[in-house]
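Novice: Okay, handing you the structure first.
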């Protein structure tokens, strides 16, 4: 077990540790969270009482340092810091515990939900997606865009003749560097296999993604889980797009190892089970889920996911699913600029359009 002390709580805030949260009043004598399980990554997240739209937080692994939270009045944020003096850190923690000013990490539930939500998420992979190498923890907030979103916006601005720069373009530390998934790219569609690769993404999934970029299914699932959690905790739109794209890529492939399908079904079950119902309109794309569960190659492989979706979100399912198609974020101008119909187009993952 480990501890994250807080130096103070000068403003009212909702504090979350993993999937649990609680409110702290202004200047309440609160000094941290103790008994955090070691062995998983964790996330501490914040939402200020006077700023309902902004959510932010820090991913960390207790084994990688002595972390504490300090409020920065200049930026108006609770910031994670690292104390490199181990003895000093232990003395501070002991003092706060003695004064009973810390809350305990909630008792692990029967299903060990946090393990199931983060089974494949590793801190070293997080730090590659959230590129801020000087820290042993990673900051994420609701406003962060993905590198791929920035490229799409940059391309659109250039085509419109604008000199404006895409937000976060020059600040990779404030972007999420998820793996680019582009179904129209040269990597996805091989010369001589255009129709095959257009209809069935097995080559793109198995050869390009699993064998090439990710090296194995564990790394693939790690990014999928991380994207979901960033979408859920921070309402991060780009993360929601990445989560849907990675699910869609598997479901659009006829050839997928059975162990991978079984694990995907388990992962999605716990994700949908944990997702707060009030977020469904924002984070669940009706079109994508209908395709995956009822029209895709893998429509008979996700039994647990289908069951919990039908029980929890019946209003999202079963609407003309056989004829639904993905709506890609590709403009007419981008089509006109292609040398041929299979040249890659810069897209922000799979962009799904709500009806």
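Backbone N, Cα and C define each Cβ position, glycine as well.
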Novice: Consult Swiss-Prot and report the residue, out of 253, 280, 295, annotated as phosphoserine.
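Specialist: The candidate carrying the phosphoserine note in Swiss-Prot is 253.
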Novice: Among 20, 68, 139, 328, which is annotated phosphotyrosine in Swiss-Prot?
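Specialist: According to Swiss-Prot, the phosphotyrosine annotation belongs to 328.
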Novice: Among 14, 113, 179, 274, which is annotated phosphothreonine in Swiss-Prot?
Specialist: 274
Novice: Choose the correct range: of 206-230, 331-355, which one does Swiss-Prot annotate as region 'Disordered'? Give that range.
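Specialist: My reading of Swiss-Prot: the region 'Disordered' range is 331-355.
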Novice: What range among 151-172, 261-282 does Swiss-Prot describe as region 'Leucine-zipper'?
Specialist: 261-282
Novice: Rounded to the nearest angstrom, how far is the Cα of residue 253 (phosphoserine) from the Cα of residue 274 (phosphothreonine)?
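Specialist: On Cα coordinates alone, these residues lie 27 Å apart.
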Novice: Looking only at DSSP and grouping its letters into three states, which state does residue 274 (phosphothreonine) belong to?
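Specialist: Its secondary structure by DSSP: helix.
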Novice: When you measure from the Cβ of residue 253 (phosphoserine), which residues in the chain that are at least 6 apart have a Cβ under 8 Å away?
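Specialist: In sequence order, the residues whose Cβ lies under 8 Å from that of residue 253 (phosphoserine) (at least 6 apart) are 200, 201, 202, 204, 205, 206, 297, 298.
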